[in-house]
Amino acid sequence: MNTLIQQLIAALLYPGVLTTMLLTLAVIGITKLHAPGGGLSRGLLAALRGKTSLSLAIAALLGLIAPAFLPWAGSPLATPRLGQLWLAWALLETSFMLALMPGLQSLAASSVRAAMREAQLSSAGRIVLWLALGVALWTGDNWQWNIVPARVLALIAAAMALPVALGWGPFAHDWSLTPGGPEAELNRASAELAQWGRAIRATVLLTLIPLLGFPITAGLHWSLHIALSVATTLALAGVGRYINGSTVRQPLNESLRWCYTRALPVALLSGIVLVVMQRWM
C-alpha cells in the first residue's frame, strides 16, 4: 500500500503531472512557444467527446507522466533504478510517436511533409541525446578525474543534439514551405492540443540534461538539487528563445548531417573515453 501511495504521489504531484505542468508553463513563457491558454484542457475534453485526435491526447498525457520516473531529488521514486528509467524512456518515446500520427495520416501533402521532417529530425536528435545521457548516467555520481572527460563529452553531445530533438532554431519547421505545419489540417482543439503536447515534451527533454547529466550527489541537500535542476532547465529554455529568434532554418539533409556526423561522433567518443579511462586509468 505504501509503495502504491508513493507511486501515485510521484505520478500526480511530484515529480509528475503537477511539476511538469508548472515547468511547462515556465518554459512556454520563456521561449514564447505557441501554446494557447486553456488549449490543453480544451483538447483533452474534446478528445473525450470524440471531437479531436485521441493519439494527441494520449501523447500529451504520457509526456506529463514520464518525468515521474526520472531521478528527481526528494521524489518517492528518486532512486535511478534502471527499470524506472526504461519506463520513462518508453513513455516519452511513445508520446513522440503518437504525436506524429495525425500529420502522417493527413490528406494534405504539406502536413505530411512537415510531419516527416519533424519525425526525422526529432528521432535523430533523440538518438544522440539518449546515447549521450546514457554515458553520463553510466558514470553515476562519480566525479573523479578519470571520469570527468567522458562526462564533459557526453554533455557536449547532448547539448549539440538537444535543439535537433526539440525542433528549435535552425532545426525548426520551415513554415514558408509548409504553412501551418503538421497541424495545418487539424481543427482548433486538435491543433492546440498538439502544440501543448509539443511544449510538454520539450520541457521533459530539457529536464533530462540536469537530471541525467548531473545525477544526485551524496552530501548535497535534495532541495539544492531541485533548485539546480530547475535553474538549468529554465536556462536552457532561455537559450532556446535566443536561437529560435536569431537563426535561419537549415534544410533537412544539412540538419541530419549535423546530428549524425557531428553530434553522434562526440557521443560515441564519450563512451569510448569512459571505457578506456575506467579500464586503464
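Cβ coordinates are placed from backbone N, Cα and C, and glycine is handled just like the others.
The following features are taken from TrEMBL:
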TRANSMEM  12-33  transmembrane segment
TRANSMEM  54-74  transmembrane segment
TRANSMEM  86-109  transmembrane segment
TRANSMEM  121-140  transmembrane segment
TRANSMEM  152-171  transmembrane segment
TRANSMEM  222-243  transmembrane segment
TRANSMEM  263-280  transmembrane segment
Other parts of the chain folded back onto the transmembrane segment (152-171), taken as Cβ under 8 Å at six or more residues beyond its ends: 31, 118, 121-122, 124-129, 131-133, 135-136, 139, 198, 202, 205-206, 208-209, 213, 236, 240, 243-244, 247-250, 255, 258-259, 262-264, 266-267, 269-271, 273
Interface check, the transmembrane segment (222-243) with the transmembrane segment (86-109), three or more C-beta pairs under 8 A: no
Long-range neighbours of the transmembrane segment (54-74), counting only residues six or more past its ends (CB under 8 A): 7, 10-11, 14-17, 19-21, 40, 43-44, 47-48, 80, 84-85, 87-88, 91-92, 94-96, 98-99, 101-102, 190, 193-194, 196-197, 200-201, 204, 207-208, 211-212, 215-216, 222-223, 225-226, 229
